[in-house]
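**Student:** Structure in structure tokens, see below.
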Amino acid sequence: MASTALDFLPAPLRSLRLKTKQQELLLRVSALALIYVLAFAVRLFSVLRYESMIHEFDPYFNYRTTLFLSENGFSEFWNWFDSESWYPLGRVVGGTLFPGLMVTAALLHRLLRALSLAVHIREVCVLTAPFFAANTTLVAYAFGREIWDSGAGLVAAALIAIVPGYISRSVAGSYDNEGVAIFALLLTFYLFVRAVNTGSLAWALASAFGYFYMVSAWGGYVFIINLVPLYVLVLLVTGRYSQRLYVAYNCMYVLGMLLAMQIRFVGFQHVQSGEHMAAMGVFFLLQVFFFLDWVKYLLNDARLFKSFLRITLTCVITVGTLALVIGTASGYISPWTGRFYSLLDPTYAKDHIPIIASVSEHQPTAWSSFMFDFHILLFLFPAGLYFCFKRLSDATIFIVMYGLTSMYFAGVMVRLILVAAPAVCLISAIAASATIKNLTTLIRTKSKSPQVTSGKTTGSKAAAKGAVDQSLPFQHNAAIALLLGAFYLLSRYAIHCTWVTSEAYSSPSIVLAARGHNGGRVIFDDYREAYYWLRQNTPPDAKIMSWWDYGYQITAMGNRTVIVDNNTWNNTHIATVGRAMSSYEDEAYEIMQSLDVNYVLVVFGGVTGYSSDDINKFLWMVRIGGGVFPVIKEPDYLVNGEYRVDKGASPKMLNCLMYKLCYYRFGELTTEYGKPPGYDRVRGVEIGNKDIKLEYLEEAYTTSNWIVRIYKVKPPKNRS
Amino acid sequence: MPRATSDAKLLIQSLTKAYAATPTNLKIIDLYVICAVATALMQVAYMGLVGSFPFNSFLSGVLSCIGTAVLAVCLRIQVNKDNKEFKDLPPERAFADFILCNLVLHLVMMNFLG
């Protein structure tokens, strides 16, 4: 039933009237194109509000390495030893990073240059994450179509384009591994599910390449190498073993493992680390299954096969357990590393690895975070699970497992909401698409005439028949009402996502903004001010000591050597810095002399009310320092278990290096009307030690809003 | 346990009889698989003798053998005429996939040999 409005067009244009299939294709393609553009555009808030710059801390390291790669070529990059960080140890950069992101950005940059578009590499870096987010929507569409149908694929693409859980780590300027890794993750899963569905070696090879890209991009590839074997195990246990599964998993595992070992940072972990052993175990299990299947087919005799089965199973189980026990006991198979073990046992990090526990992104997730990051997807998720269970197939089992495992991990660590976001979007898309499809089918069916049911009803059902005829009009109205409700919910979702992106996830963190008392916007650009001061006013071989948060930014923007940075690979070195910050000035001076420190940098928020400053992080410095050097004891800095900086604070707290450096000359400053001088606006108290004298350091620079303070370490006094 | 031994004999007999009935092309693939696995076992035995340094060379050697064996088994599955799931797959396509995957496997292995 083509649209009659088109009949009024003149004759030549009428030939353009499309058939239904073509109309549908046009709708789908234009919807996908709009979703692609939307996914890119919604991530551009901070570029429009501030400027095109790299955000946060980790992206600065990625930017510095990408710069190095684009200037010096891949061979230099792969063998780079960086002596400007972790002084005096240095860092083997080539072997301790995941190169996927840098190589991708450098390739994009080279491609643009080849097309004669002279773009600076920083612009490419800033916009890499939104570009890959747009690509993720296309993969989500294909994946949705594979699992359910193309309608669900479209809804999945639309949902994932704006879901805040994904936007938080892929905003323009957030040049971090996750921006590319989520694309690689979804691509690998899609290719693998396609391989399982078709049993084709070509798709399995493609999924191995997808896995290789994921391994090169992010340490979270461990999720893939454990989820896929778990999925195969579930299929085996539920009796869905098929030869397509054998072909898909084997090809992906062997080729994927070999490809993954090309990344130096991963190395031989696929055969030696406990986290990767599940994949190997399932590999051998699949061989056993295949062998048994084949023998069963050959024998054609149930009794003989049963005895054969018994023999094989006992052999396999004994050999398997023996290998596992020997491997773990002899230490050849290394146990789960702390980073991933703390996912299985959330209390582990707090007691044993304070560095992991101190990162705010590693804290357990609150319900408000879930609601903030997922909105209506939270209740569409169980609905989608129901639909998946109704239509169980290899593909829906996969998405259910991905959804459940990723939601569990998202509950353990806030950062992993990112990994759960694609699964939640896909499952919710199934729910939304199936519901809307059912509702629209209800609306479109014309009320059936009684002859449809006449053949089946008996006399006692005549009354029911009349009732069915009467309920149809109610069904019609109810369906329209529900459909309107569904559209309302989806529009609220879009509004919420845009608001969240604009308010919460678009701040560069390196440039702070606040509202002045007259409503105008005040920008604090203190960080960059301090780094550029360092760059221009210190000797090129100066060494800067600061807490590890700022290491990457100092090396990237200040171009100076740092003692510790965000890589946090050497806990003792960080603990040394923590001990220096928590000791009295003379002890700290000895430590700084041993590390050749020339300048000390601290971050202080007391004047502006900026709460992520070093005084708030100080207790973590104490804990980490105290973890390695027992001379630093946390109770020394607390009063009755309470952390204070005013007159009632402990004497060790009032005289430690960090306190002195942060509050030097602060006692003379009036920060707020009606409050005494030296009023700390973050802690909300007047500081206890106002008359600070520094003996071994002198103040070198304090930024205009007192946020970053730099001190020069004085050389030892000449003996008389 | 006479029943067990007679069971085992019967098992082996029926297995050999049924295996003799498989088509020749499948038997060739099986021979290839057995050769590859034997080579892998020989490499592991050699490693047991001389130690595993350099580990990447050992791994690449063993994995290339295991990899090509596994790929050959996948080829056997796809080419087997009794397999209902792969009825629509032309054997030329299956063989082409096999060659492609082997090519990738050996290229990566050459990079990893060191």
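Placed from the backbone N, Cα and C atoms, the Cβ positions cover glycine too.
If you look up TrEMBL, you'll see A:30-427 marked as domain 'Oligosaccharyl transferase STT3 N-terminal'. Taken from TrEMBL, the feature domain 'STT3/PglB/AglB core' applies to A:544-601. The transmembrane segment annotation in TrEMBL covers A:25-45, A:92-112, A:124-144, A:150-168, A:180-205, A:211-234, A:246-265, A:277-299, A:311-333, A:370-388, A:395-411.
Structural setting of the listed features?
**Tutor:** The average pLDDT for the domain 'STT3/PglB/AglB core' (A:544-601) in the predicted structure is 92.
Here the transmembrane segment (A:25-45) has long-range neighbours at 18, 129-131, 133-134, 136-138, 141, 150, 154, 157-158, 160-162, 167, 170-172, 497-498, 501-502, 506, meaning same-chain residues at least 6 beyond its ends whose C-beta is under 8 angstroms from one of its own.
With a cut-off of 8 Å between Cβ atoms, the residues of this chain six or more beyond the transmembrane segment (A:92-112) that come close are 62, 65-66, 69-70, 74, 77-82, 119, 121, 124-125, 128, 131-132, 175-177, 179-181, 184, 213-219, 263-265, 567, 569.
Same-chain neighbours of the transmembrane segment (A:180-205): 100-101, 104, 128-129, 132-133, 135-136, 139-140, 142-143, 146-147, 166, 169-170, 211, 213-214, 217-218, 220-221, 223-224, 228, 242-245, 247-252, 255, 394-395, 398-399, 402, 418-419, 421-422, counting only residues six or more beyond its ends whose CB sits under 8 Å from a CB of the stretch.
With a threshold of 8 Å between CB atoms, the same-chain residues lying at least 6 positions outside the transmembrane segment (A:246-265) that come near it are 78, 94-99, 192, 195-196, 199-201, 203-205, 207-209, 211-212, 215-216, 221, 228-229, 232, 271, 279, 282-283, 286, 289-290.
Long-range contacts of the transmembrane segment (A:277-299) within its own chain (CB-CB distance under 8 A, at least 6 residues past either end) are made by residues 225-226, 228-230, 232-233, 236, 241, 243, 245-246, 249-250, 253-254, 257, 270-271, 305, 308-309, 312, 316, 320, 324, 327, 333.
Within the same chain, residues 272-274, 277, 281, 284, 288, 291-292 sit at least 6 positions outside the transmembrane segment (A:311-333) and bring their C-beta atoms closer than 8 Å to a C-beta of that stretch.
Non-local neighbours of the transmembrane segment (A:395-411) in the same chain are 146-148, 189, 192-193, 196-197, 223, 227, 230-231, 234-235, 238, 240, 343, 364-365, 370, 381, 384-385, 388-389, 417, 419-420, 423-424, 426-427, 430; each lies 6+ residues outside the stretch with a CB under 8 Å from one of its CB atoms.
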**Student:** Determine which recorded stretch among A:124-144, A:211-234, A:370-388 has the most C-beta pairs below 8 angstroms with the transmembrane segment (A:150-168).
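**Tutor:** Going through each listed stretch, the top one turns out to be A:124-144.
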**Student:** Who are the long-range neighbours of the transmembrane segment (A:370-388) in its own chain, taking Cβ under 8 Å and residues 6 or more past its ends?
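**Tutor:** Hits for the transmembrane segment (A:370-388): 159, 163-165, 168, 396-397, 399-400, 403, 407, 410, 417, 421, 424-432, 434-435, 489-490, 492-493, 496-497, 500, 504.
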**Student:** Take the transmembrane segment (A:124-144) and find every residue of the same chain, 6 or more past its ends, with a Cβ under 8 Å from one of its Cβ atoms.
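**Tutor:** For the transmembrane segment (A:124-144), the sequence-distant neighbours (Cβ-Cβ under 8 Å, at least 6 residues beyond its ends) are 32, 35-37, 39-40, 43-44, 47, 52-54, 59, 62-63, 66, 101, 104-105, 108-109, 112, 150, 152-158, 160-161, 166-167, 169-176, 179-180, 182-183, 186-187, 189-190, 193, 422, 425-426, 429-430, 433.
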**Student:** By DSSP, how many residues in the domain 'STT3/PglB/AglB core' (A:544-601) are helix, how many strand, and how many coil?
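**Tutor:** Final tally across the stretch: 33 helix, 8 strand, 17 coil.
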